[in-house]
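The structure appears below as structure tokens.
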């Protein structure tokens, strides 16, 4: 079964490459290894991705769990588990300083949520200390990395077996936002004694947070601020070829067949035979430079758009090994419904079930007008999954007095996964978030101007 899963996924990638080349010619226009390095302390002329491709790849920690790797890198990490009322058991990792980071007396905490198909490993994907999690810890914050239900580290349940019970995978954004998010917050409060935390998220992790705040207004009092990186709440303007390919078969018998065949999720694990033969993605892309340059990199470019200047080719094996985890079909279908209907609303069970569950034929929209947390949105100009139009929809749905910043990343080719894997993500995004947090801590929220319109805190408006 594992071998067949991998075959399907590999075939899908090949289809996407062909599909992208013909149907989305703009992806090819952007290519050509012409973009200079941005990182200011390196000379621009020294960058040549073709040459870099053939250099030795960086160390890949495939034999270590996220917890083990964090400890190996010199930080103190502890793993906790929460159990929701519907029986799901999820994992969260606490990073509380270490040899490389000072302790803070005020003990501020930051909770990080990954996106669909991601995991806590996404936040430690970069080489060295350029990861967002480590940047925060080195600055004195405690960091909590959540593994949302369904990831390989959070597949526990009190009575459902994820390998044999398809119903295990039928959870939605609503379930995580209203059942799991409060438990994560309670755990942090119990362990640290602090009531309010900072929050940062990528992609669907942001949709989970927004849904939780909309459905449980009391959660608004639990956050200092929220930083949304490519928030995948509204998806009506997306033009991602992989998603469009899935939408074409969404709701068809083939969709149901694949869901059953793949046991309710698109697995992030290579097959047993691939491991035996040493043909896992990180091995192939790490050992064979001709695969890394033109095959492995194009799996990202064909799907998410071309940004070769921000691709760390030497770190590509590590990126591939950490980027993908399980994709639950329940969450995937919820996302597709939102994209097709151009809304951000609850899961559509069909007219009859909707009447029973919601008292209406149509699922209710998440009401973001009740959000009372200072919110900052970052989006990429070349993001084909969360476009500027959809990012603006999220911005406009949040009350003006709490929409504190709306930032286009200052790199024209910045894509959706670049928030996690771009070599200069620290310069473009992470350091800016850290600056906002530290100024807020040191000076007070209303003494700091974060809104890109430079208006006063007393009378903010949307840019």
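Heads up, residue numbers simply count up from 1 along the chain you see.
Using the three backbone atoms N, Cα and C, a Cβ is placed for every residue, glycine included.
Record features (TrEMBL):
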- 203: active site, nucleophile (ACT_SITE)
- 383: active site, charge relay system (ACT_SITE)
- 416: active site, charge relay system (ACT_SITE)
- 70-126: domain 'Partial AB-hydrolase lipase' (DOMAIN)
- 1-22: signal peptide (SIGNAL)
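Computed over the domain 'Partial AB-hydrolase lipase' (70-126), the whole-number mean pLDDT of the model equals 90. The number of other CB atoms found within 10 A of the CB of residue 416 (active site, charge relay system), across every protein chain shown, is 26.
Cα of residue 383 (active site, charge relay system) to Cα of residue 203 (active site, nucleophile): a distance of 11 Å. Annotation note: residue 416 (active site, charge relay system) sits in a coil segment as assigned by DSSP. Cα separation, residue 203 (active site, nucleophile) to residue 416 (active site, charge relay system), rounded: 8 Å.
In the domain 'Partial AB-hydrolase lipase' (70-126), helix, strand and coil residues by DSSP number 8 helix, 26 strand, 23 coil.
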